[in-house]
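Undergrad: Have a look at the structure that comes next, please.
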Amino acid sequence: MKTVVFAYHDMGCLGIEALLAAGYEISAIFTHTDNPAEKAFYGSVARLAAERGIPVYAPDNVNHPLWVERIAQLSPEVIFSFYYRHLICDEILQLAPAGAFNLHGSLLPKYRGRAPLNWVLVNGETETGVTLHRMVKRADAGAIVAQLRVAIAPDDIAITLHHKLCHAARQLLEQTLPAIKHGNILEIAQRENEATCFGHRTPDDSFLEWHKPASVLHNMVRAVADPWPGAFSYVGNQKFTVWSSRVHPHASKAQPGSVISVAPLLIACGDGALEIVTGQAGDGITMQGSQLAQMLGLVQGSRLNSQPACTARRRTRVLILGVNGFIGNHLTERLLREDHYEVYGLDIGSDAISRFLNHPHFHFVEGDISIHSEWIEYHVKKCDVVLPLVAIATPIEYTRNPLRVFELDFEENLRIIRYCVKYRKRIIFPSTSEVYGMCSDKYFDEDHSNLIVGPVNKPRWIYSVSKQLLDRVIWAYGEKEGLQFTLFRPFNWMGPRLDNLNAARIGSSRAITQLILNLVEGSPIKLIDGGKQKRCFTDIRDGIEALYRIIENAGNRCDGEIINIGNPENEASIEELGEMLLASFEKHPLRHHFPPFAGFRVVESSSYYGKGYQDVEHRKPSIRNARRCLDWEPKIDMQETIDETLDFFLRTVDLTDKPS
């Protein structure tokens, strides 16, 4: 049976050996180049492939159309993935008639995502396992073909558990691969209500927070012990690594992080005490705890800390242009919730951000980006991250004021982009789902979908092409001049503070705001061309969490990426949106203050938007880049978003002159 294999690490090697032992014909193997910053304690898939005479490749992006075509030419009957680190696109998965199967290091649906080996130890689990499952578009979500349980002993650390999982994986594959070969497998769907998902871990995630219980810190030490980077702490500015530890039920009134004794080296925790059995100062050698205490100059009563004592982290300065807008004000709230951001904002109004004006880490200037160019250039130079969120983004304006859309959305933003290039600042640019235009793909993909717009005499597309050209300019600056950038494409974000009812009164608002105004005023809900156009609606909280993770940029994974941010599960037509909104309105406690529902009315787009308008029938995002770069999934159901958005707007209405 012909197969193409995607593999890395020890699991990749044993998976390849198991396939060969089971009589599979491996046409090609795809793997990764080794990261020089990573301690390579595991087997080399590339070396194994070379020794076995199998073609092996390590492309940066295996999902590129050229690689998809090359894999198609191999005509695989089945595809296997053994610890390959990138998501494989649906186009590749569909190439194998017998399907694609992935080996995952947990008992799915628990511990989907990255680093399950480490996470089960961090969380103090007593059991894990390996799962072979069918691959689908969503990571680790396909039907289970086989599982094998593995007990986690109290003295297991990451490497011993890794060896146990490898042994279990060999057994699992020996039992299961012949059945797959003969088409004789029983698949069990995963229970979504039991699913848990965990993200990528970095060495910086393993600092010891002494206010936590000793058992929790001991589990952290176990989870990242050698050959992983190790759990760490600081004495003053001196970093040290803890390689092994023991939990002591020591009752002490000492502050967490205090040294209780140096022989043994015992540290007070939020609950109990942690004995540091072995450790290492800086880049030195491993030594026992009491010697480490001597090396670090510790005495009874000394204090350890999770961060260097004199290097308080400078807050990251974020410049948000259009800070009073829908995305800007919600993003400001999310950033200020953390203690390491300083937000600088500019906008022509401040009603949505009034709640932040007295915050010590929020700095606001009221002004227009077309006028305050010197202020903007100064703050681009001063800040670390720039988000130019100013744009005209309401469809009626595309036909009503196309030149103003071009001047603001393109020309003003191009100037800001050039400032970022000049001062070498990171830019996070709001592209738009509109750039996909009339694309016919089932899922709009950032890296593969064509961007299709209408003729020049349809000014409705001026917003789309302005944004698209800026995307291309930013990409070119990144390629040619090293601009650090991320492009994000929101798909129909909704929530409180989206537009306002006054904007809806002049037709310059998004769909849901216009529909709410119709309900508030007792006017018919207008369904443009019947309202059959489908969109994927995304809760603002989900969207902002993804955007926050782009700003955080863990491991620089977002650099040079284009990321759709939308909820493909929340697809509905505008008509269905209106019906859901109406149902929510009818049961709202303030309903009796408003006129009776005036019904739905179908209108032609030309009579509503004017000459030059074209609509898009569907717009559904692929979110594989968001999953890969951000470890992000949208979580909030559309009905909840509708209820909260409606409630917000109804409570802004002056009810003194409304019927009761």
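Every residue gets a Cβ built from N, Cα and C, even glycine.
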Undergrad: Of the candidates ASP339, ASP347, ASP441, which one does Swiss-Prot list alongside ASP368, ILE369 as binding NAD(+)?
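TA: Matched candidate out of ASP339, ASP347, ASP441, per Swiss-Prot for NAD(+) with ASP368, ILE369: ASP347.
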Undergrad: Pick from ARG70, ARG114, ARG149: which one does Swiss-Prot list with HIS86, LEU87, ILE88, VAL136, LYS137, ARG138, ALA139, ASP140 for the same (6R)-10-formyltetrahydrofolate site?
TA: ARG114
Undergrad: I'm trying to understand the geometry here, so how far is the Cα atom of ASP140 (site 'Raises pKa of active site His') from the Cα atom of ARG619 (active site, proton donor), in Å to the nearest whole number?
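TA: ARG619 (active site, proton donor) has its Cα 25 Å from the Cα of ASP140 (site 'Raises pKa of active site His').
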Undergrad: Sorry to bug you, but what's the C-alpha spacing from ARG619 (active site, proton donor) to ASN102 (site 'Transition state stabilizer'), rounded to the closest Å?
TA: 30
Undergrad: Round to a whole number and give the Cα-to-Cα distance in Å for the pair GLU434 (active site, proton acceptor) and ARG619 (active site, proton donor).
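TA: On Cα coordinates alone, these residues lie 9 Å apart.
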Undergrad: Measuring Cα to Cα, tell me the gap between ARG619 (active site, proton donor) and HIS104 (active site, proton donor) in whole angstrom.
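TA: Rounded to the nearest whole number, the Cα-Cα distance is 32 Å.
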Undergrad: Average the per-residue pLDDT over the region 'Dehydrogenase ArnADH' (314-660) and send me the rounded value.
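TA: Its mean pLDDT is 91.
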Undergrad: Going by a 10 angstroms cut-off between Cβ atoms, which of the active-site residues HIS104, ARG619 has the sparsest surroundings?
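TA: If we count Cβ atoms within 10 Å for the active-site residues HIS104, ARG619, the smallest count is at ARG619.
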Undergrad: With every protein chain in view, what's the tally of Cβ atoms within 10 Å of the Cβ of ASN102 (site 'Transition state stabilizer'), excluding that atom itself?
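TA: Result for ASN102 (site 'Transition state stabilizer'): 24 other Cβ atoms within 10 Å.
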